[in-house]
Every structure is written in structure tokens, then in C-alpha cells.
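Asker: Okay, these came from Swiss-Prot:
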- H68, H109, E144: Zn(2+) 1 binding site (BINDING)
- E144, D178, H213, E258: Zn(2+) 2 binding site (BINDING)
- H181, D226, H228: Zn(2+) 3 binding site (BINDING)
Amino acid sequence: MLLGSHVSMSGKEMLLGSSKEALSYGANTFMIYTGAPQNTRRKAIADLNIMNGRLHMKEHGMTNIVVHAPYIINIGNTEKPETFRLGVDFLQSEIERTAALEATQIVLHPGAHVGAGADAGIAKIIEGLNEVLSQDYPVQIALETMAGKGTECGRSFEELAKIIDGVTHNERLSVCFDTCHTHDAGYNIVEDFDGVLNEFDKLIGVDRIKVLHINDSKNVRGAAKDRHENIGFGHIGFDALNYVVHHPQLMAIPKILETPFVPLASDAKSKSAPYKAEIEMLRSSTFKPELIEALKG
């Protein structure tokens, strides 16, 4: 089973540091941003320490790593041409960096229509993806299932299907299935994950799922809020998430935790990563809330 988390990529070690961090959590895969998700400042590809990072990954069985595109990309924006243009150009450069890292999946929030309506936003996303995918790289864009917060597009399987169907080179598109987002969008993954997966299969095809984001949710189903919670501590719950992680149709897919860091009881500003504990729980199929509580000190 491929199970890991979001890790940082920074400093001099860059990819090597990412692999070391993932190893410390007991992971065998991981997800990274190639720089800060809030801006376009990026180190040169030559400074990502790729060779040493890949060597460490090989030595420790790290495979199927995933890149996440930055939040600032919004190719669904019909109101500001400069925002759309930045999104297309920067996504193309991020795909180039993803290929250099030898990752095959870059996760993308499809975009927000900023008031123009979902149909207009989806049309703009299709336009942007058609331009981005005109350049050939061995990388798929994994469109993420969204919670429906604000004017997000991709809040339903139907919206994602419409985007995929409209893109010319849609063999270069995949899907990142986020448990928190899907739950918050209204899908009953707690009581009927197989039914949800069957619905996805009919509209898009389960074979399109190439990344799973495994997150609990702070919100009730259908809240359209997108607030992640630690595994077993939210409205989805451990049993449902454990079922997803061990689902026979999804075994070969990298599963990435994006759960919140745990604040210390003595100092809320100091926080600990929960990933080692959560990976241990999911690998053993045993909910151990005391592991998370222990992180509070």
C-alpha cells in the first residue's frame, strides 16, 4: 500500500529533505509543492537536488510521488484575463518541474468561476487545460474533487466529467479524489463509499483516479466548507477512511494525508506533525487516538 503525506521541500536539501521527512513518518510515498503554494517564486530545477533525492527515495522504497500545483493558479477566472494567463503559464512551468522530479501526477484545483457561473468557469478551465496540454510532458494533471466552497468548480462528479470531456488531450487528465472534499460536497462516503465509487465510475471511470487525499472533515456532510481534520477525529471517522485506504480497487494508488498539525497543550503556536501516528493507524487498521493525544505533550 502506498501511503504518505504532504511534506516540505525547502532549504538546501530540497527533494532529499522531502524524502527524509517522509521516511521519518514511515511513509513510502509523499506529496510536495515545488515552492510556496501562495506565490510564483521558484528555485531553478538544477537547485532541487533531484539526483540525491531520487537516490534516497530508491534506497528507502519511496515511489509514486505527487506534486501539488499552487493555490494561486485559477484558470477558471473569466473576469481577469491576467489571472487566467498567469495560471496557464505557471501551470505549464510547474508541469516541467514535475517531469524533472520524475513525478507523473500534478494535482490541480480545477478553478473558481468568481461569480460568472459554473458553466462559464468550466468553459474557461477547458480552454486553459487545452492550452497547457498542447505541450507534451509525461505528466498527468490530476483534477481534484472539490468541496464546493465559494465559487469552486469541480464540486460534483458531473462537473469534473464535463471538464474532462471538453479537453482534447484528456488522456493527460486524471483525478485526485479527496475524502474531505467529497464528503463536504455531499457524497455519502461514510455509509456508502462503494455507491459513491460506482457513481464516479459511471460518470468518469475509476481508472482516472491516480491520487487519493485521505483527510477527515471538521464538517457535516454537504457543508461545502473544506476544513480537514485528523484521521478519526472528524465527521468521516476512522472506519470509513480505513475502508477507503484498504479498498481493493484503490490499492495501487498513492494515498496522501493532508491532515492538520497538532498544537501542543502548553503552547498552541507549537505544532507536531500527525503523519507518523496516522500512517501507523491506517497500516494496522487500528484507531489509536492516544497517539494523536500524545503529540499534544
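Here the Cβ of each residue, glycine as well, is placed from N, Cα and C on the backbone.
Describe the structural context of these features.
Answerer: Look at E144 (Zn(2+) 1 binding site): DSSP puts it in a strand. The number of other Cβ atoms within 10 Å of the Cβ belonging to E144 (Zn(2+) 1 binding site), over all protein chains shown, comes to 23.
All protein chains included, E258 (Zn(2+) 2 binding site) registers 16 other Cβ atoms within 10 Å of its own Cβ.
DSSP classifies H228 (Zn(2+) 3 binding site) as strand under the three-state reduction. Take the CB of H228 (Zn(2+) 3 binding site) and look out to 10 A: across all protein chains shown you find 22 other CB atoms.
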Asker: Hey, which of the binding-site residues D178, D226 is the loneliest by Cβ count within 10 Å?
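Answerer: Fewest other Cβ atoms within 10 Å, among the binding-site residues D178, D226, is found for D226.
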Asker: Please report the three-state DSSP label of E258 (Zn(2+) 2 binding site).
Answerer: coil
Asker: Checking your reading of the structure: which of the binding-site residues D178, D226, H228, E258 lie inside a 10 Å Cα sphere centred on E144 (Zn(2+) 1 binding site)?
Answerer: D178
Asker: Measuring CA to CA, name the entry from the binding-site residues H68, H109, H181, H228 that ends up nearest E258 (Zn(2+) 2 binding site).
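Answerer: Comparing Cα positions, the closest of these binding-site residues turns out to be H228.
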Asker: Taking the Cα atoms as reference points, how far is H68 (Zn(2+) 1 binding site) from H213 (Zn(2+) 2 binding site) in Å?
Answerer: 11
